[in-house]
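Here's what TrEMBL has on this protein:
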ACT_SITE  S204  active site, charge relay system
ACT_SITE  D339  active site, charge relay system
ACT_SITE  H370  active site, charge relay system
DOMAIN    124-377  domain 'AB hydrolase-1'
Amino acid sequence: TDSLVELPAMFDGMKLAAVATILYIIVRCLNLKSPTAPPEIIYQDTPLSHYLLKSCPMLTKEYIPPLLWGKSGHLQTVLYGKMGRVNTPTPCGVRKFLPMQDGATATFDLFEALGDHSAGDDITMVICPGIGNHSEKNYIRTFVDYSQRQGYRCAVLNHLGALPNMELTSPRMFTYGCTWEFAAMVGYVKRAHPQTLLVVVGFSLGGNVVCKFLGENRLNQERVLCCISVCQGYSALRAQETFLQWDQCRRLYNFVLADNMKKIILSHRDSLLGMSSSNISDADLNRLSAATSLMQIDDSIMRKFHGYNSLREYYEKESCVHYIHKVTVPLLLVNSSDDPLVHQSLLAVPRTLAEKMPNVVFALTQHGGHMGFFEGAVLFPQPLTWMDKVIIEYSDAVCHWEKKRLVYGLKQQAEWK
């Protein structure tokens with residue numbers, strides 16, 4: 001009988017051990033023990049930096065993600081990837097079509113401000129989305145709606161070939177760092193609104209495009225108030241090495257991103273093969289079908305759109321890392337430590353930049369994943385993310401700083417006279 005009494009006790013012990021193991025795995029996987037903290041901020045000791053940090057409490061306060069799952073970079077990333085955002089608004093815009101020199105048609109969506117800006121100026125957000133994204137994506141719609149309500153006009157680039165049901169008019173699609181379409185959109189906005197000032201915003205791959213665009217030519221920074229880049233990787237050459245590693249499941253993310261890119265490219269199969277000026281052959285598309293990584297897709301298709309001879313040359317020439325130091329307008333670079341797509345080693349670029357350049361602030365959050373940055377109490381995230389609010393807070397602060405400088409300058413001129 002003693003042994004029979006011991007059996008239930010043993011089962012209870014096993015159950016307890018199983019529950020303890022599951023709880024341990026949950027705590028580890030969801031990173032529940034990780035403390036919340038304010039972002040790490042790297043900046044130079046300048047009057048502008050002091051003003052910005054004083055005017056942007058979100059950069060100095062704790063970022064608190066949803067309690068149950070928000071400390072997992074993977075869950076933040078997957079939720080952003082699958083849902084984009086919650087309760088997404090539907091901003092009303094006008095689609096514009098711009099013919100390019102090579103026969104391509106750039107498209108962007110223009111959304112008017114839904115009120116006056118607090119600085120009283122005409123300001124346009126020129127926005128470049130992430131890889132294969134466009135103005136209809138949920139995270140873009142959420143950000144545009146919020147920006148409009150804060151008094152910003154918004155122009156959102158639709159990456160060439162990314163819009164469903166939009167045929168290519170030349171055998172070329174968007175690439176990692178081609179700035180032609182973004183430049184065309186900015187040029188249109190400047191011509192159509194001669195009084196407007198610009199806030200340049202880039203998400204993920206879009207961050208690379210906008211920083212490269214601003215650094216390519218000094219004239220591209222005219223009428224630009226500031227630039228904000230969120231979750232970009234800075235150097236494609238360094239990033240592609242990390243994309244083949246299994247830590248943080250990067251190889252798996254690489255596969256998923258590659259699969260999405262494959263679908264986008266194959267949806268334009270007829271256009272890419274049918275035009276006489278195309279650099280893409282049947283053999284390239286066959287290689288594409290077998291590709292399981294972004295590198296293989298870049299090598300078989302993407303680098304050929306601009307005639308690069310090798311993958312190395314494509315990554316070297318299309319990365320903003322060679323141009324970003326030429327950006328002189330206020331620049332906010334935002335990354336997350338638990339971003340499974342951007343390896344920690346890539347963050348040496350923004351860190352070094354912020355340590356050397358007086359116009360750069362680098363904000364590194366502990367949590368947020370890749371483009372997640374959800375906020376919320378326990379389980380359910382709020383519609384607006386930390387990222388949406390920070391971009392607006394920083395942009396508002398720069399607008400008011402410029403306004404004060406202008407007023408002070410005019411006062412001094414009047415005194416001299």
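Each residue, glycine too, has its Cβ placed from N, Cα and C.
Note that the structure is a prediction, hence the values are computed from the model and not measured.
Cβ neighbour count for D339 (active site, charge relay system) (all protein chains, 10 Å cutoff from its Cβ): 26. Distance between Cα atoms for S204 (active site, charge relay system) and D339 (active site, charge relay system): 11 Å, as a whole number. Cβ-based neighbour count (10 Å, all protein chains) for S204 (active site, charge relay system) stands at 23.
Under 8 Å, Cβ to Cβ, and six or more positions away along its own chain, H370 (active site, charge relay system) finds G73, Q76, T77, Y80, S204, C231, S336, D339, P340, L341, V342.
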